[in-house]
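According to Swiss-Prot, the protein carries these features:
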- ARG30, GLN31, ALA32, GLY33, ARG34, ASP79, TYR154, SER209, HIS332: substrate binding site (BINDING)
- ASP79: site 'Transition state stabilizer' (SITE)
Amino acid sequence: MSTRRDLPQSPYLAAVAGRKPSRVPVWFMRQAGRSLPEYRALRRQHSMLAACFEPEVACEVTMQPIRRYHVDAAILFSDIVVPLRAAGVDLDIVADVGPVIAAPVRTVADVDAIKPIDPQSIAPVLDAVELLVAELGDTPLIGFAGAPFTLASYLVEGGPSRHHARTKAMMLAEPATWHALMTKLTDLTIEFLLGQIRAGVDAIQVFDSWAGMLSLADYRQYALPHSARVFATLAEHGVPMTHFGVGTAELLGAMSEAVKPGTAKVVGVDWRTALADAAARVQPGTALQGNLDPVVLLAGWPAVERAARAVVDDGRRAVDAGAAGYVFNLGHGVLPQTDPGVLTDLVSLVHSL
């Protein structure tokens, strides 16, 4: 049973539910991370994966941007490969590379060897959620997971990939093996997110980081049914749900279909697509989130202010065009070299508009 809090004053929860917020809500993907000196100090004592599985550390890292930036939502400090690790997959997160899989999944036997999540393995993550719920006050907590397609790509490629060639080859040449893999990863994703919901997160976001590598037809055939099952299973719990990918302009309509009507749903938009255009592509009842280019934050305050004002204006046009609501965010994660002071000023600016 969920221990979700009642947060009627939250601008973020109002916007994603299609209500009028008291101000434009803002938070940032990767707001907790390498751009913060306090995070870098903590990471000198803990590896990335170790930090994800130590409740007090994960709680502290999640809280750091809340204290510094006064954003309208916290997002749990974790990583999309955490449920894979909890299922016994031998992997590591390598600095400046990303997740690296010791034994990539290439055969039916490899797929069969993937185990369900060990509940004890994710207990520290859920303990972190409970610590955060107690500490966050009126700030909502977003839980998250990677979408099945993106997890599959890491497993099949063995790590990050430019072209996702092995992934697409399995998908197209061995569809039975592919769907068996996706079924297992969908089960892992559901279990991981259900645990977070029961521990008290106020919303969830599913990151399909590599979905933009697919054509719309391939996305609908090989990825969407599995992501849709994730959202359908979670829908009964009533938490707002966000679906995000990079380079997904042509997929936005399909991504919005993954969450059925009757649930507060959001589609994240990257900087390549105008929010007003995105509003015309998504299903009715869908709120939008995004979409300042993270690189703009490196260009000096005049450029940041100009671009942020334009994004907020575009978000309002999107709502006028039919989007259910709007949340300011970046079009992808905060870059490590970003000046935290710029983010502090950006939050203040967005709140003033």
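Easy rule for this one: first residue shown is 1, then count along the chain.
Just so it is clear, glycine is given a Cβ too, placed from its N, Cα and C backbone atoms.
Where Swiss-Prot records a feature, it is marked here on the structure.
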residue : record                             : DSSP class
ARG30   : substrate binding site             : coil
ASP79   : site 'Transition state stabilizer' : coil
TYR154  : substrate binding site             : helix
HIS332  : substrate binding site             : coil
* Structure fact -> The most crowded of the binding-site residues ARG34, HIS332, judged by neighbouring Cβ atoms within 10 Å of its own Cβ, is HIS332
* Counting across all protein chains shown, how many other Cβ atoms sit within 10 Å of the Cβ of ARG30 (substrate binding site)? -> 18
* Distance from ASP79 (site 'Transition state stabilizer') back to ALA32 (substrate binding site), taken between C-alpha atoms, in Å -> 12
* **Sparsest-packed among the recorded positions, when each Cβ's other Cβ atoms within 10 Å are tallied, from ALA32, ASP79** => ASP79
* Asked: In whole Å, how far is ASP79 (site 'Transition state stabilizer') from ARG34 (substrate binding site) when you measure between their Cα atoms?
  -> 14
* Could you give the maximum C-alpha to C-alpha distance in Å for the residues ARG30, GLN31, ALA32, GLY33, ARG34, ASP79, TYR154, SER209, HIS332 that bind substrate per the record? -> 23
* Structure fact -> Rounded Cα distance, in Å, between ARG30 (substrate binding site) and ASP79 (site 'Transition state stabilizer') is 10
* Structure fact -> Within 10 A of the CB of TYR154 (substrate binding site), the number of other CB atoms across every chain shown is 28
